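K.L.:
From TrEMBL, here are the annotated features:
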type: DOMAIN; residues: 36-178; note: domain 'Lactate/malate dehydrogenase N-terminal'
type: BINDING; residues: 41, 42, 43, 44, 45, 46, 47, 67, 127, 150, 151, 152, 261; note: NAD(+) binding site
type: BINDING; residues: 114, 120, 152, 186; note: substrate binding site
type: DOMAIN; residues: 180-343; note: domain 'Lactate/malate dehydrogenase C-terminal'
type: ACT_SITE; residues: 210; note: active site, proton acceptor
């Protein structure tokens, strides 16, 4: 039988144990920033500035860039930047599996941009095939990754992504996000301009979808609280809904919103990675599978966590004007969703 003395820890081992515990607690305040992120469509108008912003972040340890052209050059260029993320370019479908291996987050801005006179829905035929092909590869090679879709029309490409993951038996609705963050960024900016506020301190939830009248800014829930006369409110709402078209027209055929979209995409990824690292209280709006309305997919504020969506925070209290917008968005939203689901079911 062991003597009492032999089971009592020495002061040295007690100190060692205490030091280990303190070190673990210390580390929990500084989560490891080792996110492995892939950008699919990295050579394009959104892909390049998005990749630059991701390379610049201490949250990212590995950046895998994929496209059907120019990725070796983009990767070589970015790899010279003095930040810790390693960068590798992957070119063409045969290199896509290697690009996706071990990724924590996949961001997809791939596809064709809008030109003057085009709606986001006009992009459907081309971009639907691109998204279905890329998300099929994700379902096979990184089924656990967070999937962030930027490719328009988001109201259809998110249902496509969900159906693809279902087909492969790896569907998790908490890990598939339609990036609508640019609508929030624009709403914050436009409200700040009108009220003479710092845009960084303005927060306007934008719910619904990511096209035209399905974009529903909840000005009544703005932080800090703001008030507008009804005519100004309607004009502001219309500008937020058509802000993408504003950029398409201003670029006069040279593309759509790329720089602001890259900023918004990076903002969403950083929020997601922060939440995956254990940061609490991270909230972003995103177009996701939802039971908040009669539409099977709907954007609302989401509490993000280690496994993606921790909790859907819902629509909250809204005004009659906002209620009317939600009701008017339903038929277009449901039609776009069905179009995406039907496409995915027939996609080979």
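The backbone N, Cα and C atoms fix where each Cβ goes, and this holds for glycine too.
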K.L.:
Could you measure the widest C-alpha to C-alpha distance across 41, 42, 43, 44, 45, 46, 47, 67, 127, 150, 151, 152, 261, the residues recorded as binding NAD(+), and give it to a whole number of angstrom?
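P.N.:
Comparing all Cα pairs, the maximum is 18 Å.
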K.L.:
What's the CA-CA gap between residue 186 (substrate binding site) and residue 261 (NAD(+) binding site) in angstrom, rounded?
P.N.:
10
K.L.:
Here are the binding-site residues: 41, 45, 47. Which has the lowest count of other Cβ atoms within 10 Å?
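P.N.:
Counting other Cβ atoms within 10 Å of each of the binding-site residues 41, 45, 47 gives the minimum at 45.
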K.L.:
Can you tell which of the recorded positions 114, 120, 152, 210 lies nearest to residue 127 (NAD(+) binding site) in space, using Cα positions?
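P.N.:
Nearest listed residue in space: 152.
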K.L.:
With an 8 Å cut-off on Cβ distance to the 114, 120, 152, 186 Cβ center, who else from the chain surrounds the substrate site?
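P.N.:
Other same-chain residues near the substrate site: 153, 210, 211, 244, 245, 248, 256, 257.
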K.L.:
Max Cα distance spanning 114, 120, 152, 186 (substrate binders), Å?
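P.N.:
18 Å is the greatest Cα spacing among the residues binding substrate.
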K.L.:
Looking at the recorded positions 120, 152, 210, which ones sit with their CA no more than 10 Å from the CA of residue 45 (NAD(+) binding site)?
P.N.:
none
K.L.:
Helix, strand, coil residue numbers for the domain 'Lactate/malate dehydrogenase N-terminal' (36-178) per DSSP?
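P.N.:
The breakdown for the domain 'Lactate/malate dehydrogenase N-terminal' (36-178) reads 65 helix, 30 strand, 48 coil.
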K.L.:
Quick one: of the recorded positions 41, 47, 210, 261, which has its CA closest to the CA of residue 152 (substrate binding site)?
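P.N.:
Result: the closest of the recorded positions to residue 152 (substrate binding site) is 210.
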K.L.:
At the Cα level, what's the spacing in Å between residue 151 (NAD(+) binding site) and residue 120 (substrate binding site), rounded?
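P.N.:
Residue 120 (substrate binding site) has its Cα 10 Å from the Cα of residue 151 (NAD(+) binding site).
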K.L.:
Within a 10 Å radius of its Cβ, which of these binding-site residues (127, 152) has the fewest neighbouring Cβ atoms?
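P.N.:
Least crowded of the binding-site residues 127, 152, by Cβ count within 10 Å, is 127.
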